[in-house]
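Everything below concerns the one structure shown next.
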Amino acid sequence: MDAFKLLTRSTKLKSATTQSSTLPSTGKAANPQLFRGAAAEKLEKGSGKKRKRAHAADDEAVVNEDALNLDFFSQGRSSIPKSSDAATTKGSGAPAGQEGASESDSDADDEPMDEVQRRTILNAHKIKVTDMRDLEELAPAQVQSEEPKKKKKRKQQEEAEKQQPQTLSKKEQKKARRLFPQPLVSFKELRSKYKISRRLAENIAEQGFTVPTEVQLGSLPLLLGNSAVPGGSSDSTSATEPDLLVVAPTGSGKTLSFMIPVINKIVRHHHTHPEERGIFAVVVAPTKELASQIVNEGRKLALGTGVKVTLMKKGMRVVERENEDEDVLDESNSESSESESDERTPNNKNKGPVPITKSDILVSTPLQLVNALSDNKTKPLATLPLVRNLVLDEADVLLDPLFRDQTLDIWRSCTHPELRASLWSATMGSSIEDMAKTTIKERKLSLPQTKSYPLLRLVVGLKDSAIPNIKHKLVYAATEQGKLLGLRQLIHPTAATTSDVRLRPPFLIFTQTIPRAIALHSELLYDIPPEAGGSARIAVLHSDLSDTQRSDIMKGFRKGEIWILVTTDLLARGVDFRGINGVVNYDIPNSPAVYVHRVGRTGRAGREGGVAVTYYTKEDIPYVKSIANIIDVSEKLRGENGERSVQKWLLDALPDLSKKNKKELKKHGVKARQTGLKGATDEKEQRRTRISTKSGFDRRKEYNKKMMIAASQKKTQARKNGADSDSAGDDDDEDGWNGLDD
């Protein structure tokens, strides 16, 4: 019985358990866009008035129509016009005649936006497109067009002309690099304006995609090749697909953004070159779970288009080598024993008779693809001459020291002169951007026939920041036991105050290491009552498990059979669980970027109500400030004036972390929780950070029992060894030297 309810039954206080029904698990968000508000409507009205003054009354109808299209993005407009909504949601269910009529109407209505409209939409959705090429490569006319048009005296104009060839200021450089390409207003434009495959457009509609997210709004027109990208001259209107760096929030639809252009490009290539078959696109992801997810999403989009999407697996052949069949025959002839031939039978099937993988899009992790190209590093790296698109998902991890060499080897193996590279992530530092520019330049020098394309960067929102549609909580727990009690309080909430954090399953729990994940799983194994499913509702996932076990756990979590999943940073990136209500950082992340990706597992596609809880102890205090800063920026971006989870006094009190300690934290995590520590003080730290609620007395009893069993086994083994040595000694005495014979 709740005493608070009993004592307040005659009052009109609101129940503390009443929560808004908006949770990520309740369903799809009405609008998946993260950045939308009243500011967009004001800018759109201003642009409409500008067009009215510029044009005569005959353009008034066009202005009103454009205003309606722009109002499509505003928050005040709760719904899309019924005609467009019906056409979008029905998708392929509409008859062919009606679809063709709607397409012809949309062709007639599609008109290119002027720069004011493009700027309005892109700024309202916090989309920034920048040309990353050197200033020497940019058109001088572009620089001049960005200068403010003001009346100047002749002397000032002459001075400005003299200073023009010299180095520009930072502000002028930013203006020269800034671009405002045509945005994607709705997914219907993919078919009407950008002429994508009819079947691909139907598949997109069947998936229920109606409103493009910010990253789709900005990147799809660029990658589909129908948006004019500045080239070498100001009058160049030839549309070209650029190399692209994309920094967009987690759960914003980056997979769809790079899969649609790749599939459409391959469909066109199949029509123009039906005899040419092979791997035309390579998608690289850091984990098997993310690679498998990309394959599933790609197959949904490519259904019925003739494009095959394949997941790279061990033993697959992706290239054909010279004299490969002869090598296999020599190996088979050199073995003669029956047992060895029986063991070699599956290997022969994989090496000799197995044909080259017939796929258009290959999705792989870096190591598997490098091993396939180099025959497990026994031969020189083979080339992929037909690959025209290279996609690096979670590019900041792929170009980190852990995967950097393998990723660059894959990049160099793609030798097609028209190769386009696109890098995607929610966090991307300047070092990653510089590495991408350097790699593109080196590839151009090593392959003279390589064509040069613009290198653009698209940033959505604030760079390297957490999504604003989730609630962040930073909780001080003092000790490991305090964190465990706080976690159990989340699973079994009993408090009646409205300020308490409430988290409904399903949710993820992140730990620093695999042993800690296993220990936490065993500690929470029986916290869920049998009536609710018991221990089957909680699972642990880490890289030490087999591929089959990992796949089964992922399926169970997606189906809703598993409610709580304890894991490491294996699931921190890219994996899309759309119904997760929250994330618990049981151990603080190793870097701010890891925090952004961890909490991004909830609040996918604009879903509201997600919660991110981070526990920290006394040992974590030196490392918490960077996380607190991210939470503070995210809450400011959200724009609410309520109580903040990170107060100003806390930000001022937390210590700053040096660069050396940041690198150490990123590599090894918090020292107190590292595995394999040696020394008396380190052992003491490990005992302090142990995940357990057992008392020291119980642990000592268990330890003594284990030692007694080990000592007994040792004695038994010693007795056996002694008996064997005695019998061996007797035999030696019988066979030994018995003296000289008489």
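Each Cβ is built from the backbone N, Cα and C atoms, and glycine gets one as well.
The region 'Disordered' annotation in Swiss-Prot covers 1-113 (among others).
The feature compositional bias 'Polar residues' is assigned by Swiss-Prot to 8-25 (among others).
Under the heading compositional bias 'Polar residues', Swiss-Prot lists 75-91 (among others).
Positions annotated as compositional bias 'Acidic residues' by Swiss-Prot: 102-113 (among others).
The region 'Disordered' annotation in Swiss-Prot covers 138-177 (among others).
Looking only at the domain 'Helicase ATP-binding' (235-446), the predicted model's pLDDT averages out at 84. According to Swiss-Prot, the domain 'Helicase ATP-binding' annotation covers 235-446, on the basis of sequence analysis.
The ATP binding site feature in Swiss-Prot is assigned to Ala248, Pro249, Thr250, Gly251, Ser252, Gly253, Lys254, Thr255; the stated evidence is sequence analysis. Annotation note: Ser252 (ATP binding site) sits in a coil segment as assigned by DSSP.
Annotated region 'Disordered' per Swiss-Prot: 320-357 (among others), in sequence order.
Per Swiss-Prot, the feature compositional bias 'Acidic residues' maps to 322-341 (among others).
Sequence annotations record features per position, and here Swiss-Prot assigns motif 'DEAD box' to 393-396. Away from its own ends, the motif 'DEAD box' (393-396) comes close to residues 245, 254-255, 258, 283-286, 290, 294, 423-425, 427-429, 432, 436, 573-574, 593 of its chain (Cβ-Cβ under 8 Å, at least six residues beyond either end).
Annotation comment: Swiss-Prot describes 486-654 as domain 'Helicase C-terminal', evidence class sequence analysis.
Long-range contacts of the compositional bias 'Basic residues' (662-671) within the same chain: residues 512-513, 587-588, 590-591, 619-620, 623, 626, 677, 685, each at least 6 residues beyond the stretch ends and with a Cβ under 8 Å from a Cβ of the stretch. Look at Swiss-Prot and you will find 662-671 tagged as compositional bias 'Basic residues'.
What Swiss-Prot lists as region 'Disordered' is 662-742 (among others).
The feature compositional bias 'Basic and acidic residues' is assigned by Swiss-Prot to 696-705.
Swiss-Prot lists 727-742 (among others) with the feature compositional bias 'Acidic residues'.
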Practice problem: Let me know how many other Cβ atoms fall within 10 Å of the Cβ of Gly253 (ATP binding site). | Solution: 23
Quiz item: Near the Cβ of Gly251 (ATP binding site), how many other Cβ atoms are there if near means within 10 Å?
Solution: 27
Self-check item: the motif 'DEAD box' (393-396): DSSP-derived helix, strand, coil residue counts
Solution: 2 helix, 1 strand, 1 coil
